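Asks: Let me begin by handing over the structure; questions about it come next.
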Amino acid sequence: MSVETQKETLGFQTEVKQLLHLMIHSLYSNKEIFLRELISNASDAVDKLRFEALAKPELLEGGAELKIRVSFDKDAKTVTLEDNGIGMNRDDVITHLGTIAKSGTADFMKNLSGDQKKDSHLIGQFGVGFYSAFIVADKVDVYSRRAGTPASEGVHWSSKGEGEFEVATIDKPERGTRIVLHLKSAEDEFADGWRLRNIIKKYSDHIALPIELPKEVTAAEGEEKPAVEWETVNRASALWTRPRTEVKDEEYQEFYKHIAHDFENPLAWSHNKVEGKLEYSSLLYVPARAPFDLYQREAPKGLKLYVQRVFVMDQAESFLPLYLRFIKGVVDSNDLSLNVSREILQKDPIIDSMKSALTKRVLDMLEKLAKNEPEQYKGFWKNFGQVMKEGPAEDFANKEKIAGLLRFASTQGDDGEQVVGLADYLARAKEGQDKIYYLTGETYAQVKNSPHLEVFRKKGIEVLLLTDRIDEWLMSYLSEFDGKTFVDVARGDLDLGNLDSEEDKKAAEEVAKSKEGLVERLKTALGDSVAEVRVSHRLTDSPAILAIGEQDLGLQMRQILEASGQKVPESKPIFEFNPSHPLIEKLDGEQNEGRFGDLSHILFDQAALAAGESLKDPAAYVTRLNKLLVELSA
Ligand code: ADP
């Protein structure tokens with residue numbers, strides 16, 4: 001036992017304590033994953049060393065093959081993992097094994113329900129990493145030394161996984177990290193060569209460096225203890241370099257879990273090798289579930305970058321656009337230089353062409369998923385649809401392709417689920433329909449019953465119902481799909497084109513003519529509140545409606561601007577009335593100008609309410625309405 005100096009006891013960050021508690025209580029049904037997590041960390045540590053050694057070969061300290069060793073002691077009930085990777089110094093150990101660095105962690109912890117089944121899913125999304133050691137161990141010792149530091153600067157970290165941990169400085173001749181798990185008495189089954197070998201084969205076969213286990217050697221006669229011989233138990237080659245046909249689905253899945261720190265299988269993947277002017281391999285995955293920090297600005301995103309199989313950096317963000325930030329994967333280039341930096345990546349023209357090729361791969365993969373696995377695609381859309389909606393604004397070149405992947409609620413469904421694609425919509429469009437109709441609003445319940453839909457319902461024309469906050473903004477970037485223009489049914493002078501017969505149009509013109517007098521009276525009565533008054537042909541049941549001017553901002557955009565403290569340009573609605581509604585007929589016949597004014601304002605306010613807006617002067621509305629009610633009952 002080496003001498004320990006500068007010993008101190010420190011407390012875990014609160015979030016670590018919560019995570020530890022939850023993990024131990026939620027992941028008991030899948031205990032063996034602790035080994036996968038620790039091997040994954042060891043493999044990352046070796047990758048980091050290999051990379052840093054490119055610039056500083058002395059870090060390799062005279063060589064030794066890079067590897068991970070897993071051993072066990074049945075009597076002592078321990079499992080030990082040892083790597084000769086980058087290692088940690090005292091400060092590293094205190095931060096990495098005492099806190100959680102992910103942004104948004106505290107908020108995430110608040111979401112946990114205490115229901116173990118639900119929480120185990122959430123924890124899976126969060127990723128548990130090193131702390132998973134405490135699923136099977138009641139004490140964990142970590143001995144580490146950072147490559148390039150003297151042997152005397154080794155560090156020993158030790159904890160029972162409760163509230164605190166100890167650190168001390170030790171002598172550690174070998175570089176890298178050794179982790180000793182003191183197994184809980186019920187978990188001693190893991191101190192077994194056969195068991196460990198199976199777990200490694202199952203979860204870590206794809207790890208690109210050798211994972212060794214001691215060979216079972218029987219002692220030669222007269223010998224007390226045989227010398228340990230090691231054997232490699234995994235395949236130990238980079239998975240993405242192997243031909244697609246030779247990689248099993250399970251291997252792709254386990255590799256995903258390693259790079260994505262996810263517990264669940266991915267929804268889809270795309271593995272490609274590009275040869276020619278540029279040479280690179282890529283393996284891209286669509287996760288099944290959104291990570292808890294998808295909307296955090298600083299959340300990790302981007303691919304793992306390798307250059308000629310050497311790991312170069314995590315979270316290389318330059319290979320995919322922001323709206324595909326949920327994609328996980330690796331890219332291994334033969335063209336980049338090993339000392340490439342983030343700054344260089346941002347400017348390199350090679351990266352631009354890789355980015356557009358990889359983007360296309362992702363969109364193709366999603367198209368395929370949508371086509372072949374519509375149920376899975378529904379799940380994808382629930383998790384990532386909002387992010388995909390950022391696409392048309394960011395990625396002009398792929399606008400049409402992205403539009404094809406979008407899913408909306410529509411008047412065809414009755415539960416507001418976003419399942420209608422634009423291609424489906426067009427496939428069942430009415431004969432002669434050359435537009436894609438949509439309506440935006442606050443909530444599905446509100447738009448579903450909007451008077452704007454009356455004429456569409458009458459004619460059996462489908463309308464997309466867009467109620468995500470981002471939708472109106474999205475639609476400002478989409479003008480057409482498959483050659484058909486988008487039309488906001490609440491905007492401008494709705495022209496149904498070929499969907500209205502010549503007779504309909506003629507009849508409408510005649511009605512409009514006959515109501516010119518009423519239009520003028522309404523203009524005078526409503527005055528400043530409206531931009532225009534006209535006869536509507538969108539209504540069947542409601543007396544009146546407010547339409548938005550062709551160039552004006554809609555309600556959603558106004559609210560977004562207001563919320564961000566920006567000045568919103570003033571715009572007035574267009575008041576449209578339904579000439580055949582009994583209330584309008586009554587209004588037309590009203591001789592008393594005072595009552596005409598009151599009734600007009602009531603209709604105007606009601607139309608605003610139906611559009612989901614709040615009234616500028618609600619008290620005036622109530623007063624007018626009550627006045628009429630009194631007259632009515634008099
Ligand atoms: P994650 O791997 O998701 O970052 P972990 O909790 O598993 O989270 O690990 C925290 C950090 O501890 C790692 O990011 C790494 O910096 C460090 N670490 C863990 N295991 C090792 C190891 N075997 N060698 C060197 N550093 C390690």
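Cβ atoms are placed via backbone N, Cα and C, with glycine included.
TrEMBL lists these features:
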type	residues	note
BINDING	Glu37, Asn41, Asp83, Met88, 102-104, 125-130, Thr177, Arg342	ATP binding site
DOMAIN	30-187	domain 'Histidine kinase/HSP90-like ATPase'
REGION	1-342	region 'A'
REGION	560-634	region 'C'
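Show me how these features fit into the shown structure, please.
Replies: For the recorded site, Asp83 (ATP binding site), the DSSP three-state label reads strand. There are 28 other Cβ atoms within 10 Å of the Cβ belonging to Asp83 (ATP binding site).
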Asks: Go through Phe126, Phe130, our binding-site residues, and report the one whose Cβ sees the most other Cβ atoms within 10 Å.
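Replies: Ranked by Cβ atoms within 10 Å, first place goes to Phe126.
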Asks: For ligand 1, pick out the binding-site residues Asp83, Lys102, Phe126, Val128, Phe130 that have a CB under 6 angstroms away from one of its atoms.
Replies: Asp83, Phe130
Asks: Ranking the binding-site residues Lys102, Arg342 by other Cβ atoms within 10 Å, which is at the bottom?
Replies: Arg342
Asks: Check each residue in the chain of Gly104 (ATP binding site) that is at least six apart in sequence and keep those whose C-beta is under 8 Å from its C-beta; list them in sequence order.
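Replies: Non-local contacts for Gly104 (ATP binding site): Phe292, Asp293, Gln296, Ala299.
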Asks: Which residues, sitting 6 or more apart from Val128 (ATP binding site) on the same chain, put a CB under 8 Å from its CB?
Replies: Leu19, Met23, Leu27, Glu37
Asks: Which number gives the other C-beta atoms within 10 angstroms of the C-beta of Glu37 (ATP binding site), all protein chains shown included?
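Replies: The Cβ of Glu37 (ATP binding site) has 22 Cβ neighbours within 10 Å.
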